Every structure is written in C-alpha cells, then in structure tokens.
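So the structure is just underneath, and the comments pick up after that.
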Amino acid sequence: MPEPVKKPVSAFTKRPKAQEAEEGSSVVFEAETEKADAKVRWQCNSKDIAVATRKREVKFELKVISKPDAPAEAPAGKPEEPSMKPEQASDPKEEAPPQGETPAAQDPPPAEADAPDTRQDLTGLFTEKPQSGEVTVGENFTFMAKVNAESLLKKPTIRWFKGKWMDLATKCGKHLQLKETYDRSSKVYTFEMQIIAAKANFAGGYRCEVSSKDKFDSCNFELTVHEARAPGGLDIRTAFRRTSTDGNDDSGELDFSALLKKRAVQVQSEPDVDVWNILSKAPPSSYEKIAFQYGITDLRGMLKRLKKMKKEEKKSEAFLKKLDPAYQVSKGQKIKLAVEVADENVEVKWLKNGQELQKSGRYIFESVGNMRYLTINHCSLADDAAYTCVVGEEKCTTELFVKEPPVTITKTLEDQMVMKGERVELECEVSEEGANVKWEKDGVELTRDESFKYRFKKDGCKHVLIINEATKEDCGHYKVKTNGGESVAELLVQEKELEVYQSIADLTVKAKDQAVFKCEVSDENVRGTWYKNGVEVKADPRINITHIGRIHKLTIDEVKPEDEGDYTFVPDGYAFNLSAKLNFIEVKIDFVPRQDPPKIHLDCVGRTADSTIIVVAGNKLRLDVPITGDPAPTVIWTKKEKVISEGDGRVRVETTMGHCVFTIEGAERQDEGVYSVVVRNPAGEDTADINVKVVDVPDPPQAPKILSVGEDSCVVQWEPPQFDGGQPIIGYVLERKKLRSYRWMRLNFDPFVGTTYEAKRMIEGVPYEMRVYAVNSIGMSRHSPASQPFVPVAPTSEPIGLCVEDISDTSIALKWRAPERIGAAELKGYGIEYCKEGTDEWIPAFQGLTDRTTATIRDLNTGDKLQFRVRAYNMAGPSAPATLAQPVTIREIMQRPKIWLPRNLRQTIIKKVGDLVNIMIPFQGKPRPKVSWTKDGEPLSPSIASVRNSELDTILFIRKTDRIHSGQYDLKVEIENVEDTARVTLQIVDLPGPPEALKIVDTWGFNVALEWKPPKDNGNCEISGYNIQKADKKTMEWYTVHDHYRRTHCVVSDLIMGNEYIFRVFSINLVGLSPEPCTTKDSVYIHKTGIMYKAPNYKEHDFSEPPKFTHPLVNRSIIAGYSATLSCAVRGIPKPKVTWYKNKMDISNEAKYRMLSKQGVLTLEIRKPCPFDGGVYMCKAVNDCGEDVVECKLEVRPQISKEEKKEANK
C-alpha cells in the first residue's frame, strides 16, 4: 500500500498573488489558511514583518514608494513573498537583503500573475501533477504524480530531478524512496517520491518528467523546509554557499567564506596550534568539523599531503603471498583459496566470518611446502562470507562472493487458441526449483489483482499462469522472464461460433406414422426451442422433445393432419434458426380390381429435379418406395445390371406390403450410381431409375510450400486437393505450430478462398511448421502433411565500414565489418559485386559467398573505374548493400618505403651461444621494395645468417649462434631512389674465463686477505661478480664465502683456528659461473692463541608494572532484546587477571555473559538483555604489582511496539 500523502505543516487554502504596482500606490497581499489558529509570518527579503491577523484571513498592506531592481515576478513555490522588493515606510533600512544572503530558490519557472495557487493545469500525459509543499525538518513528505496509460502503447518512463540536473534516481536510500503502482481497472500509473526525515538542504525546486515513445510532459514544483532560525538573526543556510558558475544552487563546492567572515569577530584562533597533528590523529568523519573550527579553506589539498606523509605499511613477516582481496565462484562449483607462508612448518587457521572452520567433506585443508590451501566444495549461498587465514598474530582476509547461476527456461511456453470464457493455463519449466519468474503481457508486468483474474502457480520447477475466464482483452503475447532467459507465447481468444453439423430436413409422412425432426450442432451445452408456425411446441404424450449431447430431436407419434406445417428449431443465445416442413399424405382406399398392374410411386425425400438423391458419406440412406399392384408384385433392385438381393449387408433391400425399402448403411464413395427398381405381377410391370450421389469432405491438400519468410511472417502456398468430395471447395483453413511443440494453432476461422496465404504474428528466430485443411459444404478434410520447418527471419542490416585496404594494377583488397543487426538467423556469408562507372550491370566478383570480412578481387583491368558493394546473406536473403563512397580507379599507388622497427629490436639483443635467433621486421612500400642486409658495413654472408623476404616483412634467421655473430646488422629497403634504413645490434654472450693470479696477501687472527686479477675472457659481456669459496684440507669440502662479490680482493673471516684452508674464485657474468676456478697455490694455517673470552655482565631490566586501564568503560543505554557489548582496554606486566562484576557480584560463571580479551582489549558481551540486566558493571584487573578498577552504568530500555509508536505519533 502506498504511504498516504501527508498534509503540509501550514497549508494555505488561498495563496497571495504576485502583483505589480505603480510607485506611490498601495498593494494588498491576501492569504487564507486552512486552520483558524495557524501562525502566520510575513517576510520581506528574509526579514519578518509585523502584521495583525484576524481568524483565517491574513492581509498585508504596504505602500510602494520606490522602484526596485529585482524582477517583477516571484519564484514559483514562494507566493507569499511579494513580486517586488517593497520597502516599509517605517523602516527604510530594509530596502535590500543583507550581503551574503541569497534567495531560497531560483530554478523553478515563475508562476502566472493571475494564478490563484501553485497548482498547474492537467495537460499532456499527467492526470495529476505533483504539487508544491512545505515540511519541517525531520518529518516526511510525499509528492505524487498520476499518468493515464489507456492511450499509451507501453509503460511510461518517469524521472525526478532536483534543480536542473540532479537525477534523484541515483540518490535513493535512507532519506529518499521512489515507488510506482498500477491500477488495472482504471489503467492509471501512480508514481510517488517519498522524502523521509527531511533536512534543511532538501528545500528547493524539483522537476518531474514523464515520456512514452514520442510523447513527453514535465512539471515543476517546490519543497519548502521550515527550521529554527539561528540566534542573532544569522541564517546558517545562506552562509554555506556553493561555488557554482551556472547559477545552480545545487552545484559547485561548499564555500565557508561567508560564515567565517561573520565568526571572525567572535572566534579567536588559538596560538601555536599544529593543524597537521590534529588532522593526522582525527578520524575521517571529523575532517570537516576541524576545517570549520580552524578556518581551513583548502581541506582537500591538505588531506592529499597528509596521505603522502603516512608511512607505507610494514611488509608481512608470516606471509610471502596473501589472499586476493576478493574471489568469485558460481553456485555449486568449488573454489581453492591459496596463501604462501614464510615458514613451511607453521600451522594456519581458517576462519569464516570470525568462526574457525573445521575439516569436513566440504572444507578441505591442504599443506604443500610453503603453500596452504582451503578448498570449498559445492559452494552455496551460505558460503558467501569473509574468510581469514591466521598465522600466529598475523592474518589476511578475503571476501568470497557466490554467484547464483542464471535460471534458464527448460520448457518454453506454447501458443494457445481458446474460446471465450474458457480457462487458460500457460505453463513453463525452469532449471531450478523455487526460482522467481516474472510474467508480462505485451510488455506490462502481471500482478495478482483484486479480481483474481491472473493466478500464478508454482510447483517445483514448473510455473503456470492461469486465466480463469478468457476474454477478447486477454489476446496478446505473454512472456515469462528469468535472470537467464525468457519465453514468449501468443494467446488468441475467439468468440464461440455455433456450427450446424446436421440440419433438419423436410418430412412427408402418412397418417399414424412417426415424424422425427433431428439436428446436430457443435456445442453440446446449447439448448434450444422448437416452434410450429411460429408457436412454441410443448411436450405432451404424443410429442416428445429430447436433447442428448449435440443432437436435438422432435418426435411426433401418430401424425395427424393438423400436425402439418413449418417446424423451426432456435438455439438459445444465437441469432439463427433451422427450419423444415412436415407434409401429410392422406391414404385413400379405393376399390381395386383383382387384376391391378404394379406401379411405383416415387415420392421420396431427397429427390431432385434430375431424379438424383444426394447422401453424405458415412450417413444412412433409406429409400421407402411405395408400390401398388394386385396380386402383390415382386421387386428387383439392380445396379449396372447386377441384381441386389435381400440380405443383412451394408447395402440391402426389403419388401413389405405396399412398400419396398432400399437401405445403404454408412454410404461410401463407391455406392454412387444409378439404381433401377422393377416391380412385376401377372398384370404387368413397372420400372424406375434412381440416381444416388455420395458426397464427402474433400481429400487433404498436398504439403504446403513456404515461398518466403519475413521478420515475423511467411508466405505459404499449396495445391488444391485431387478430389473435392463431390462439392466445390469453398476455402481452406491453416494451422501452425512451433517445431518442438505439439499444439497446433488455427490461423483463420473463416475459410480462406485462395491458395497463397501470408501468416503473421510469429516470433523471429523460432522454427515453425504449417499445414492446411480443405473445406467444402460437407465439412473439413483431414490436414495436409506438415510443411518443411522454417524460421521467420529478416535480412540483416548492411555491412558497415566498407573501405579499400590495398590496390594494385590488377587487383583490389576490400575490408568491412559485420552488420550491426544480424537477427535470429545465422549469417551465411557476404557477396561482393562491382560495376563499371556509367553502367548499371553489377557483376559478381567471385562465385558463392565468403565468410571473411576481407576479400581480394583479382584479374581486373588497369585503369578501369569501378564501383564496389558488399551485401550480407542469411536465410531471409541479401541485406541492403554497403557501397563505396565513390568509384575506385584500378591503378597501383606509389608508396614510400618505411621500416616499422619493433620496440624490442631498438635495443641490443643479447643471446647466449647456441641460442636461436629469429628477427622479423615489417616494412611497407609500393611497388615491392628491394631489401638488403649488411653486417658491420659488409654484405651479409649466407654462411653467417639466412634471410627470407616477403612483400610486407623480412626475417633474419640464425639457427645456432656463436660469438662471431655479434655485431651491427643494417637493413635497407629501397624503391628506385628512395630508401629507408634500420639497425639491429646483436650481442652473443658466453661463459667467462677463470680469474687470474689468485694469491693470499695477509693472515691475522681468524682472517685471511685474498687478491686476484679479472679474467682475460669476459664472455663478451661485463663481469658481474665473483664467487669465493673455501675448503678445509682435511675434508676438501667447498663452502661459498662470498657470492656475486664485485671487487678483486676480499677478506675471509670467521675461520676456525687449528685448521688449514685453501681458496678458489669463480668469475660470474650474465651467462653464469666460469667453467673453471682459479685456486690458490698455497694453503693457510690458522694458529691457536691464548686469548680467553670474558663475557660482559648485564643487569636485567625490570619491565613489570601494575595494571592500568588505558580506555575506561562508558555509560550506555540499550534496548531490551538486542545484544550489547561493554569494552575497555588495560595494560600491565605480567598479564593481569580480569574479573567482571555486576552490582559488585561476580558474573564470570554466568552463561548469559561472554568475556573476551584480545591484545589488552576487554569486551563483555551481554546476550539479549532484559530490563533486569541494567545496573553498575565493574571490570577489575589484578597482577603481582597491583590492581585497577573501572566501572560504568548500563540502562536497558524496554522495546516499543508498533501500536505504541502509532499512538505516540498521533
């Protein structure tokens, strides 16, 4: 339910009007309030004016004595202020506003001079526009707009703005909420902007814009926020100005200068205040307060400098590689978190949201060398948390985000066609149980409204949209959406049409016979009334009216002459009737001579002018032929001179007194023909021919063919059926279905006369099938075979960016980009055509299509001026062509040679001996340039390097390098007299030789001084250092003393006295150590000495200190039912023992309290406190050096129920 709109704090029923006045005349501003006791203040330029009021009407008279400079109109939303700056005669000092004050609002447009209030006329898309309002600080207010969507094709889009540019959609949160509702009965959208706990800076001009396709409407309104004024007449809002250059009060940065100037007299700056020290110790939330207090104008610049002054974070000693800041994994997948620790034997702990994880089937802990792994299998939404790896006192934390896989639609919606009033169920299946889906009809979201027209059913993965009684308004495209896909189906609702399967026929009966009128209609629930000559027929013992299923019967027993007449059956609710006539035959008994020749009386139902009786295939044909003759004649029935004998078959004859009956049960096509009846007796014979014609529904047409397809349509064609059933074809009925569906949907209800039909309203990209029924006067044929599957698609858009990439005397290279819109069908390729200038004949550049977006057309005539175009092809055919802007002349263009030397080749290339060298340098130039290589100024010999040249690049290849390959390689690209050069420097390096002349220079104590000379062969690169090793002559095991030592002399220390040593030195360069070392010729012996080591005496320092609370407990007031904590900090050596007391009672062993201690920070957690948990809490710390105590008061307030809150608000 939307929040009801609250009335403004001080509402005017009649607002003052903006007026213009001549100098020296009087002006009356009159306003009327809603409440009689409302307090009213009149202001001029933010200054109060003393005015007497009476009841609800407020009048203010003033006399204009001078022309002001302000504009004549007042801003909208401030109608109580006069349009000009009047000056009271009693106080001429109030002519202009004080310096530094600005008007409250300037953005909204001015109101009309004669408007009685701020409401605007309801024009455009709005049926109700937002109205200007007033609110006090801390209260709520709601702006409402209404849009009638009855004439709109899609849902309107609404945007709320503050000022000219601030879009409020990005500011939704604690103080601003946007809502929208839709009333299906009135088709009205209601948009609301709720301002919660208004602040003073919320005041100003607002704008609401609504749009729908080519329609647009907007309106302006204002919000006035009332608040207590600062003492001494200082308007605090006017002091906080913004440095806006566009005149907008909401843009620019805050300028405190006005406020600082006013406070300069009252506030004195403290001497010798270190602002840098204050900012470095203050929290970020206090920066603006400090800037305000100490008059800092460039706060942003000071914060940037302060950030540079902070020291870098100390590198972790426990972790070599920490966790990444965040990880993401899909639901159901597994993820592995890895850290690298410094000590491979250290134990780590894994925490989840601060709770330690235990090893299980889902959480797997691994330790491989220095790596520590946490593997989480089958991630669920519960695993979305913060994970911490703890090593000793250090830890690293990361966030794991579990991403739900998109919910896909596994079973799509199917098109349906129902009759009016029937129940509709649109069903689909999604990939996940319990997933949320959204239903839409023609782009508008469906909700469960008051009439319960739409019902949404969810059964596991199955989702069903139920429409209880379908109407014509329910026709349209229904869409179900998930976060991973959507499905569309079309619903067609047709009016019920009553079809007559069998009409009543005229009857001719004799006296005492039975007359039966029978008809069959399509709906078995339809009732009807029988009439005779316009008078309703009532049932009696002789007349019986029955209704069984779709068959309606009127049976008249023992027919009398008065029963003759016109009988009509009228179905209830339908504007048509079925009529037939009952003919009565009187039987006259005359004296017949004994010898009476036989005679056939052919007066039977169904006989036409050409003596043809028509019967529908499958129906029963019964011919009751009256005959006379004395003696009784014999009857013979023949067809094509074949006698039909009496029997019980499908075609049989029966002879009774005065009648011969010919019966065909379930007439078939082969029963057609001329039947002859012959009656004989001794007095003579008589003969009659009866032509029987069997009519049937036509044969099914052949499979239809799809001639063409469009974006949402297709053209289908078919051949007429071979046999029309004996009756002319009156039309065809077509059906279609989706390829993977089993439900066929009829496209037309009235027979279509032609054999070519355009089917529309299909979904692009979905495969369909078509089939056809033939219809004649008897009925509808069986359906034809289904057509070949087809997909409605539209041609793609034209390729873009067609341009010439290269051209020569006989060829041209073109390139382009794929079309912006390809559609649902797969792109088959591109076709390229060209024509000569001045002709309209387009010639294919090559046979077939190409899949690439580049093509080279060859074998063209030099000098021809040709135009080229490219078209994209898909299932629907070619797209619109992309054509070059102007014809192109086939002629090669001279291009200067240019070498594109890669960046990595612009510095010396260093390779080791034996490495592979493969240098590729691209270049350009037309015609093909001449390429040459030189080494150190001489032509490059093939024995040194191999060269491969192409039209666009050259390659220098050395399979196995040696020192002789070092040098400068010059590349020259030349076309005629124009050339370009480039140089590549190659340096082949090898292992260095050993140092020379290693000798022992001096020996003293446990130290030996060595000296040597650099090697003769440096390996073609700089010597980067030396590796010095020592060995005891007893073991001859070598140990490295110095590695990568850069000088040629060193001192070896920490030798063991009594041992004899020899030394060796390796030289080191870029490649590595020299193969052979240089070893000293002589050894050195370390003599023992009589020096005794005397350890110094140190006095141990006493670090113990008594406990002391560095952060005390703070008095708190909490709400019952919500857990709370009390925290303090203590220090002391040795670590003090901590005890918590409540009202001087020890609570250490009570389960309701939880005591925590971490690095001197003590925390007491009170779980779900009640009012009885209030009192005085004390924390006591004791060690061997003393004790310390700190205490606080805790107040527990009871919870306030919603009903109490409502009563309090009232």
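All positions are counted from 1 along the displayed chain.
Backbone N, Cα and C define each Cβ position, glycine as well.
Predicted automatically and left uncurated, TrEMBL annotations should be read as such.
Residues annotated as compositional bias 'Basic and acidic residues' in TrEMBL: 78-96.
Look at the domain 'Ig-like' (317-391): DSSP puts its residues at 3 helix, 40 strand, 32 coil. Under the heading domain 'Ig-like', TrEMBL lists 317-391 (among others).
The domain 'Ig-like' feature in TrEMBL is assigned to 405-525 (among others).
Summarising the annotation, TrEMBL assigns domain 'Ig-like' to 598-691 (among others). For the domain 'Ig-like' (598-691), residue counts in helix, strand and coil come to 3 helix, 56 strand, 35 coil, using DSSP.
Here TrEMBL flags 700-799 (among others) as domain 'Fibronectin type-III'. Counting residue by residue with DSSP, the domain 'Fibronectin type-III' (700-799) contains 0 helix, 37 strand, 63 coil.
Look at TrEMBL and you will find 800-893 (among others) tagged as domain 'Fibronectin type-III'.
Here TrEMBL flags 994-1083 (among others) as domain 'Fibronectin type-III'.
The feature domain 'Ig-like' is assigned by TrEMBL to 1107-1197 (among others).
The region 'Disordered' annotation in TrEMBL covers 1-37 (among others).
Taken from TrEMBL, the feature region 'Disordered' applies to 61-118 (among others).
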Within this structure, do the domain 'Fibronectin type-III' (700-799) and the domain 'Ig-like' (405-525) have 3 or more Cβ pairs under 8 angstroms, counting pairs 6 or more apart in sequence? yes
Count the CB pairs under 8 A between the domain 'Ig-like' (598-691) and each of 700-799, 994-1083, 1107-1197, then give me the winner. 700-799
Reported in the order helix, strand, coil, what are the DSSP residue counts of the domain 'Ig-like' (1107-1197)? 3 helix, 60 strand, 28 coil
For the domain 'Ig-like' (317-391), what is the mean per-residue pLDDT, to the nearest integer? 88
